[in-house]
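Let me begin by presenting the structure, written as structure tokens, before commenting on it.
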């Protein structure tokens, strides 16, 4: 028929002209038009032809119902089905498949039970619906209610058991099968391999009457998953035929074991390289810190997909190349590639580490448009981004919008509040978590103890520490001990903190001793500080931060000879002090400053503004903490050295260029200088601005001359 021929070519206009020119149109002609329009995704035109039919036959109704089902319009399909003057098995099966393909298994069962006669398609369809939706017991009851099943339903139910890791039931079914095909054998081999029973997988593999490439690949994948790389490679080399999945499984095994050279050699020898293998190698290089090689491979790819882009973005983000990660995200969008959850998550992570809030907000807008904002995976990344970028209010709003919060969501919010100095808010979220029947884990308790530490909530912190194992079976690890020692030390209970360290069931690590050293510096206990520092130097001799902390302690006591000794010790051991720098985002660009920065194009204006600001600060009562300068020089020179610290330069830039009314967000790679902390309090009052400073330990919110930490940091 000419109409059918036109429709098959997609030429619906020619089909319509032929139809329109016909002097007589039978139901067969109308049905050809309806079916053709449906096949060419012109359902509205199909419905129009159907509604104008002078006479409909059973096939006309069935074609339309099938069309509605195909378009996921089950309401209209059911309405039309109920109007049918006569129904056959095809009509009932169309409704049955419509319901189960859309996940409405109960409705599918209701249609099945009402069917006056059932075909093999009806039985097989309902069984597949139960299996695909994980309702394996109902599938088994249906299976047991009938004896004359064909081979495919046996394989379907057996595959359902394998998916549920019910290997005993799967094997019982396999043993009962009246006949088996390669799918039957492959399903069982794969099931045993995935569940770690490689002995039984290998036994079935050898018993199989024929072995196709899928059986061989299942064995390779099984050995890889169980860490038996030598066995995997032996099977791989014996394979009479390999496909891309076989090669990728073996490459992935080498990647997982960090045998990069073997993975690369196999990749280069692969005759059927596909996107999956390229993506695996890009991820491999990136995860092992070789981002240049990963990028080189990415640039050579003959074709890329969204996973390729997400892999290179993740690689840049994980290796600290955050700006490049964001550039790649923009490039991905420009190339018209579909943005997926992984690319959004990695880009949000890069924005978080850069503290690029404006970029993060733009990403938020894009992911809302893409429909990803409600899921936990992206939602947690969005929440972490706002926390790390210093916008705790927007973080909490994002937290509330996550529909099904997991433990990561709760932990991120608790830790976020703790790092911002809002300890009481963190504990309120913790109590809500408990009320929601989400069981805290060890990360939760680190956040809770940190919240108490940052806010001086000593008694509550001690109670939480001892409740961990009692209430939740969480055995305190070294991070929990570090938090509680930090809490006790900051509050001045140094003896108690030291005694707790001595009685720890695990060895203290450098961070634990660092907490004690930090507390000693705050309270001027040089003797305890020296003991803590010596332990750190033994455990981590290259830790420059601890040399500086002890030097601060000596400088505050005027022990300049000891400051010099520390400097000589660092030089002798080759320990280099980490260069401190601060950065601030403005108009989607990161402005970075170091101490006495001579390179920024606005440096003259910034220095002039700081000079002017210092006069106003002194009028308000500001006095420089020159004892924090680790050089035995004149007081005036010490004041000049403090004035141009990187965080002050960044704050001054923010005041000058960020419009009034908007917070100034500054990030610093090291701990904020004590004098700068005091100075910025004065600045926040003088310029009447909210200044948010993130250092490598926590956030400080300066407003009206005070800081959210309450000077307890």
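Each residue, glycine too, has its Cβ placed from N, Cα and C.
Whatever TrEMBL says is automated annotation, not expert-curated.
Now, the feature entries from TrEMBL:
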DOMAIN    621-713  domain 'DYW'
REPEAT    26-60  repeat 'PPR'
REPEAT    88-122  repeat 'PPR'
REPEAT    150-184  repeat 'PPR'
REPEAT    212-246  repeat 'PPR'
REPEAT    274-304  repeat 'PPR'
REPEAT    305-339  repeat 'PPR'
REPEAT    406-440  repeat 'PPR'
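Nonlocal intrachain contacts for the repeat 'PPR' (305-339), taken as residues 6+ away from its ends with a CB within less than 8 angstroms of a stretch CB, comprise 275, 278-279, 282-283, 285-287, 289, 291, 294-295, 298, 346-347, 349-351, 353-354, 356, 359, 363, 366-367, 370, 590. Long-range neighbours of the repeat 'PPR' (274-304) within the same chain, counting only residues 6 or more positions beyond its ends whose Cβ lies under 8 Å from a Cβ of the stretch, are 244, 247-248, 251-252, 255, 258, 260, 263-264, 267, 311-312, 314-316, 318-319, 321, 337.
Long-range contacts of the repeat 'PPR' (26-60) within the same chain: residues 1, 3-4, 6-8, 10, 12, 15-16, 19, 66-67, 70-71, 86, 88, 91, each at least 6 residues beyond the stretch ends and with a Cβ under 8 Å from a Cβ of the stretch. The residues of the repeat 'PPR' (406-440), classed with DSSP into helix (H, G, I), strand (E, B) and coil, number 26 helix, 0 strand, 9 coil. Note: the repeat 'PPR' (26-60) comprises 25 helix, 0 strand, 10 coil (DSSP; helix = H, G, I, strand = E, B).
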